[in-house]
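Asks: Grabbed the feature section from Swiss-Prot, which reads as follows:
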- 1-338: region 'COX15/CtaA' (REGION)
- 10-30: transmembrane segment (TRANSMEM)
- 67-87: transmembrane segment (TRANSMEM)
- 99-119: transmembrane segment (TRANSMEM)
- 139-159: transmembrane segment (TRANSMEM)
- 220-240: transmembrane segment (TRANSMEM)
- 252-272: transmembrane segment (TRANSMEM)
- 277-297: transmembrane segment (TRANSMEM)
- 339-608: region 'Protoheme IX prenyltransferase' (REGION)
- 411-431: transmembrane segment (TRANSMEM)
- 432-452: transmembrane segment (TRANSMEM)
- 460-480: transmembrane segment (TRANSMEM)
- 488-508: transmembrane segment (TRANSMEM)
- 555-575: transmembrane segment (TRANSMEM)
Amino acid sequence: MKTPAWSRLAGYAWGVLLWNVLVALFGAYVRATGSGAGCGAHWPTCNGEVIPRAPQVETLIEFTHRATSGLAFLSVLALFLWALRAFPKGHPARFGAGLALFFMVTESLVGASLVLFGWTADNVSRERAVVQMVHLANTYFLLAALALTAWWASGGGPLRLRGQGAVGLALFLGLLALLFLGMSGAVTALGDLLFPVGSTLEALERSLTPGEHFLVRLRVLHPLIAVSVGLYVVFAGYLVAHLRPSPLTRRLAQGLAYLYGAQLLAGLINVALKAPVWMQILHLLLAYAIWLLFVFLATSALERGAKRVELGEGGEAVHRGTGGATWRDYLALTKPRVISLLLFTALFGALIAAKGWPGLGVFLAVALGGYMMAGAANAINMVVDRDIDARMKRTAKRPTVTQRVSSRDALLFAFALAVLGFAVLWWGANLLAATLALMGLIWYVLVYTLYLKRRTWHNIVIGGAAGAFPPLVGWAAVTGELSLFAWYLFALIFFWTPVHFWALALMIQDDYRAVGVPMLPVVLGERATVIQIALYALLTALISLMPLLLGELGLLYLAASLLLNALLLLKSLALYRRPERRTAVSLYKYSMLYLALLFAAMAVDRAV
């Protein structure tokens, strides 16, 4: 039972958390203004004095930071002692307060080492960069410990870490990713201080110049890391809210999405304005807020008694799996036949970008990493849609429906594939290619599967954009950038997708109607569907000719595209005239051949 004393302690704990956030932000102000050496190489005294007399501005800034940090230390110590007195043995708030005190001690020691070893002001050593990252990581841990203490003191329940399956893994990876992002941000901010630039273009040029200082070269990576981590954090947030449904987890997931969007915008403004001090502070404040929000999401999802969709009313595991799963069952989770065309466009995107052979290493990275990322998305889709898959003839034998693979194991398999796929693409190609593959995965799972598929007939048009990411991945893997031609490949698949999938929807519309999925034929009927297919086929044909106007492709592609488009339009017209299964099947099968041959024609044309 919550007592008045506990309520007062909870209020104090929240206040201590807020104070430590402010102290950490002021520490960033000390670094950004170059005031870290304001007290010389003395610690805990300031220039050999307990209280400096007639201090310079830098000295006053540094001394103020030390004084406020000292108050923060005392506030955490008081929180620990109060928690010991107020809560019984075994209460999680006591553990949280003890953890906070530990990280406060290490925070002080790391801060002292920066001063005593001279890793302040204009020092550009690798040691300073490493300690700066450790300092940031320790601050994150301190704030997390204080947040947990406040949560538990406010009545939050203890955590259950065992048996959480993919949810636990997703949250752990999210915390790890945010920690890595914060550390990269700390190094980037240090580079902005020590190696200022006159413009964004100059920053990019210097970042790509061989022989530049490592702090300069690391600057270009932080934005890509930020986008990658942001995509994952938003994805993990909504997935956790789906698997651990509650009003709080849903609000936290939505808050993460909005807050991270604001953070990316702040990052762009920070770069455009050449990292002014006030913008650096705001950027860091948003980073702390995102970190704490994710900590609270993890806490609410892992709390004992939290609702788990993989558990029945009595707490028994459902979709546990019948056992005996083979490698074929796990391969089936990835939907190899569906992936084949995605992988084809990714690999030929690389061939088109390279105007020939891109190299074995890049080709294998795109093939293996691309398959893993797409396979991960498909495995998650099977878990989410297992309820409707069981009632559709086409999908009734999927391993998540027959329960040869449990939902828990399928999700763990999916996350393992996603992590490995991202790593393969980053290591074998570059971070941009890995980020684009992650964007495709998240678009398919969040936008299409979790949001659009069961809500609107526009699901294919908007959600189908996920299938347009593979050629971007292949292109970026070769060039490290996205040109206008790369976006043309994206647009081509985007407009081709409704032609392909609405033809499929016509073939199995009875299944979709039975399970309540609002595909276009179910909502508006066959006539509206075939009209839409014809319109998108015409748009696809027109877009396929655009590279010729830009001078990117020649006569070989012109001949191939004219023939392929003529057949696409003829089959679409045949479906319009006779909207029956036979003509729908014909268009569906040809649309796959159309896209494959069109990409092959581009690759050959650019190579000769």
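Cβ atoms are placed via backbone N, Cα and C, with glycine included.
Structural setting of the listed features?
Replies: Summarising model confidence by region, the region 'COX15/CtaA' (1-338) averages a pLDDT of 84.
Remote same-chain residues near the transmembrane segment (10-30) are listed as 36, 38, 61-62, 64-65, 68-69, 71-72, 75-76, 78-79, 82, 93, 97, 111, 139, 142-143, 146-147, 149-150, 153-155, 189, 277, 280-281, 284-285, 288 (criterion: CB distance under 8 Å, separation of at least six residues from the stretch ends).
Long-range neighbours of the transmembrane segment (252-272) within the same chain, counting only residues 6 or more positions beyond its ends whose Cβ lies under 8 Å from a Cβ of the stretch, are 200, 203, 223, 226-227, 230, 233-234, 237-238, 240-241, 279-280, 282-283, 286-287, 289-290, 293-294, 296-297, 300.
Using a Cβ-Cβ cut-off under 8 Å and counting only residues 6 or more beyond its ends in the same chain, the transmembrane segment (277-297) has close neighbours at 21, 24-25, 28-29, 32-33, 140, 143-144, 147-148, 151, 171, 174-175, 178, 181-182, 185, 189, 192, 233, 237, 240, 249, 252-253, 255-256, 259-260, 262-263, 266-267, 269-270.
Here the transmembrane segment (460-480) has Cβ contacts under 8 Å with residues 342-343, 345-354, 358, 362, 365-366, 370, 374, 377, 425, 428-430, 432-433, 436-437, 439-441, 443-444, 447-449, 451-453, 486-487, 489-494, 497-498, 501-502, 505, 519-520, 599 of the same chain, all six or more residues outside its ends.
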Asks: Residue list, the transmembrane segment (488-508) vs rest of chain: Cβ under 8 Å, 6 or more residues beyond ends.
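Replies: Non-local partners: 345, 349, 352, 392-394, 460-461, 464-465, 467-472, 475, 519-522, 526, 529-530, 532-533, 536-537, 539-540, 543-544, 546-547, 550, 552, 568, 572, 575, 579, 581, 584-585, 587-588, 591-592, 594-595, 598-599.
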Asks: Report, as numbers and ranges, every residue of the chain located at least six residues beyond the transmembrane segment (411-431) whose Cβ falls under 8 Å of a Cβ in that stretch; write 'none' if there are none.
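Replies: Distal contacts: 165-167, 169-170, 173, 221, 224-225, 228, 330, 333-334, 361-362, 364-366, 368-373, 375-377, 379-380, 383, 405, 437-438, 441, 473, 476-478, 480.
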Asks: Quickly jot the same-chain residues contacting the transmembrane segment (432-452) by Cβ under 8 Å, restricted to those at least six beyond its ends, or write none.
Replies: 224, 227-228, 231-232, 234-235, 238-239, 242, 365-366, 369-370, 373-374, 376-377, 380-381, 384-385, 418, 421-423, 425-426, 458-459, 462-467, 469-470, 472-474, 476-477, 480-482
